[in-house]
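Asks: Take this structure first; my questions come after.
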Amino acid sequence: MLRTTVGCVGVEDRDEEQDDEGEEDLRDGGVPFFVNRGGLPVDEETWEQMWRHVARIHPNGDTIGKRIRGASDLPKIATPNVPTFQPATSIPQRLEAIQKYIRDLQYNHTGTQFFEIKKSRPLTALMDIAKEMTRESLPIKCLEAVILGIYLTNNMPGVERFPLSFKTEFSGNHFCHIVLGVHSGGRFGALGISRRDDLMFKPLEFRTLADLVQEFEGAYRGYWHTLKKVKIGQYVSHDLHSVEQIDWKHSVLDLDKLTKEDLRRELEKHTRDMRLKIGKPAPPSPTKERKSNMGSPLRNPGSPMRRNSRTERRPSGEKKVVDPKPPTDINGYQIRV
């Protein structure tokens, strides 16, 4: 029920496998962590494994675990409330409230990630996990924060969201981190969680994507980390029931091979690609009742087109030809059974 993962610590050959975890660690050497695959409530085996892992990674070893588990007067932890908004609440204020909620959940230092996030899952499955996060109110890591941020901004059609991940190097080791990039009103920002205050939330005030990336690069320099790679995904659909997969790395930029001007051009190109996606409609996910229907589904103009959409895989020969409207139909409506 547990899987050990090392957050981008190791040789270059394991780069892609480790980058997919989206784990961020700013300590020298990195620390392995476990993923709870048994769901919630946590089963006994996972629970004991978590405490054994805490004893290994915490400076006080077994003492910290025994002190907490043996205490009978532990303070009650307040459960943060999911933010709600009035219609007049501005987009920047909403994003700040969402970031506060994510931060109030707190960063997970236990060494065991409580929610299993598989990047290959469809969006609707990941949104179900996000709902569970709001119910359980447990500490989270950076990849979980990205999924939660997508869920909490789904009802904000004026805000586009995209994954933004970083790979850095410090003292010969590699470290990974991921945030949720946001774009609205011609400005960029970010939502997320980290051990470091300047590696998560960025207000909606950066004119270009390059400016946002440079802001994170400057923060990493403050911790003596060298930014090596930047991975940027496409805009995520606002359809909670979409069966599409999130495009996590539409652009992979190797900073060792790019000058600053080259990097800016690549980021501008990616920005144009994301804008083009908005203008291309994609079909909504079929309901259970309609899965056996081979006709073309209705299109939702608010959802971006994806490479793996169900419509693109459907043979064109299966589309039903609609007869012309009769001249007596003055209202322009037809009933299809």
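In case you wondered, yes, glycine gets a Cβ from its N, Cα and C as well.
Sharing the feature lines straight out of TrEMBL:
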type     : residues : note
ACT_SITE : Cys142   : active site
ACT_SITE : His177   : active site
ACT_SITE : Ser194   : active site
COMPBIAS : 13-26    : compositional bias 'Acidic residues'
COMPBIAS : 309-323  : compositional bias 'Basic and acidic residues'
REGION   : 1-30     : region 'Disordered'
REGION   : 269-337  : region 'Disordered'
Asks: Across all chains shown, how many C-beta atoms besides its own are within 10 angstroms of the C-beta of Ser194 (active site)?
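Replies: Within a 10 Å radius of the Cβ of Ser194 (active site) lie 21 other Cβ atoms.
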Asks: Round to the nearest Å and give the CA-to-CA distance linking His177 (active site) with Ser194 (active site).
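Replies: Rounded to a whole number, the Cα-Cα distance is 8 Å.
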Asks: Cα of Ser194 (active site) to Cα of Cys142 (active site): how many Å, rounded?
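Replies: So the Cα of Cys142 (active site) lies 6 Å away from that of Ser194 (active site).
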